[in-house]
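Presented below is the structure to which this report refers.
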Amino acid sequence: MDRLIFLTLDGLSRGAVYAAFALALVLIWRAARVVNFAQGAMAVAAAYVAYSVTAATGSYWLGFLAALAAGLLLGAVVDRVVMRHVNHASPLNPVIVALELVLLIQAVLGMIYGSQFRPAEVPFSRSAFTVGGLTVLSPYDLFVFAAVGVVVSALAWIFARTAVGLRMRAAAFAPEVSRLLGVNVGGMLTLGWALASGVGALAAMLVIPTELGLHPHAMDLVFVSAFTAAVVGGLDSPPGAVVGGLAVGLLLSYVSGYAGSDLTPLAVLVLLLAVLLVRPGGLFSTVAARRV
Amino acid sequence: MSELGGLLVVRGLSAGYGAAPVLHDVDLTVAPGSISAVVGANGAGKTTLLRAVSGMLRPLAGRIELAGEDLRGTPVEQLVRRGMAHVPEGRGVIGELSVDENLRLGGLWRRDRADAARALDEVYQLFEPLARRRRHLGHQLSGGERQMLALGRALVGRPRLLLLDEPSLGLAPRVVAQIMALLRQLRDRTGLAVLLVEQNVRSALSVADQGVVMSLGRVAATAPAAELRDDADLRHAYLGF
């Protein structure tokens, strides 16, 4: 029982990060109909910015803020400089361009920082509290929950309640009509990329210290898990991404806890396949609503 | 350059998709506070004309002026700020957004937030059924309600010129009559000018001041609507009744 509780809490903590990363994928999918395969590499680049800023200033939090800012900026730049100019005639084109971007970003990071693992700092202790003999969450886990919770709530508020959120949704659903109504659709697209990339940077900042450390490929496996989470939830559904992220986090935690961590990559792929076979639109798909 | 009395002046307009033009050398003038009905068979270029006027389609040649200002090179999203609203073919109701969100979208560009809110209230008063369904999603509405929503959304921006593409499509005759009556009312009360594209020639000419007959991408005739209604030869030749 103790082990189950521990694995559940640990899985939710990892799942929160997957949820954030999956949400970033969903944001771009909804806005641009592109699965951003470069998101892992972009997020790692932002984390390296944090590394440099923290190394120069000695402050974790300055580095943290710098990573978020770098993420936002990088998203906007990738949209304006690269993705905007990709011909969407074939859905494969943006995928190939995104994969090229991965190679480019990872190569540049390797040239600047080298390809050894660099330890990533944490702002709070990672040793878990013990409550009545039961090992539960660490302060860092709580920080992860809080950070993801704040970002998810903020995004939900922006999209549901603000004028710019309404513009972004309208631009994503009906770009031509939105332009007729005075919406700067291109600007909304760039903003969507920036927000998504900022969320991706946050996820990288949260997850990298819990793994081997900072490395140009540090987000590769996280990307696979988050992509699975996004597909599980339905690429069109932000709530689906959050639920999918938590579900994938739990699954991986249980598999690794009860069956051995070697099996986790396999478990992710099995889950991805199962969802694609049974319900390709994802569990929260809104395909029925869009078909109208 | 612009003629006296024209809110919208189109001269020598050619436009189309790809290399082959659909519109050839179209001339058109819409006076302020008047309704112009563009009628003609399927494929006459009526929708293309509206798309070219609102900038969704880049003209191959010709001049389009709104209140004396050349619209060439004006991005589509700037046209609402010049006072032009375009309710496109199929109405353009965003099914994933609620009635209220669709309507508010029509006034988001406006700096005068207070007046945008007033305009929204007015639209709700004008279209009672929409007020009862504020929270419903666009795709849950009936055809008539969607047309109200599309029209209402355009009116929230307080346009001077309204481009309206086939408002009668798929609607019951009673609803069509209501919409035509509403257009007349808006023209008389607010001085709105309307460029109305219609397959439903009778109801369009019944409400219009000016009729423009299009055929194969050209303007075949321009005349007061009453004259067109009474000109049997023209009706037989181009309108089929």
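Glycine residues also receive a Cβ, built from the backbone N, Cα and C atoms like all the rest.
Residues annotated as transmembrane segment in TrEMBL: A:12-29, A:36-54, A:60-83, A:95-114, A:142-160, A:181-208, A:214-235, A:242-260, A:266-289.
Here the transmembrane segment (A:142-160) touches the transmembrane segment (A:12-29). Their Cβ atoms form 3 or more pairs under 8 Å, with each pair 6 or more residues apart. Using the rule of three or more Cβ pairs under 8 Å, pairs at least 6 apart in sequence, the transmembrane segment (A:181-208) is in contact with the transmembrane segment (A:214-235). Same-chain residues lying 6+ beyond the ends of the transmembrane segment (A:242-260) with a Cβ under 8 Å from its Cβ atoms: 3, 6-8, 10-23, 152, 225-226, 228-234, 267-268, 271, 282-284. Just going by CB pairs under 8 A, the stretch in A:12-29, A:36-54, A:60-83, A:95-114 that sits most against the transmembrane segment (A:214-235) is A:12-29. Contact between the transmembrane segment (A:95-114) and the transmembrane segment (A:12-29) is absent: fewer than three CB pairs lie under 8 Å, with pairs separated by 6 or more positions in sequence.
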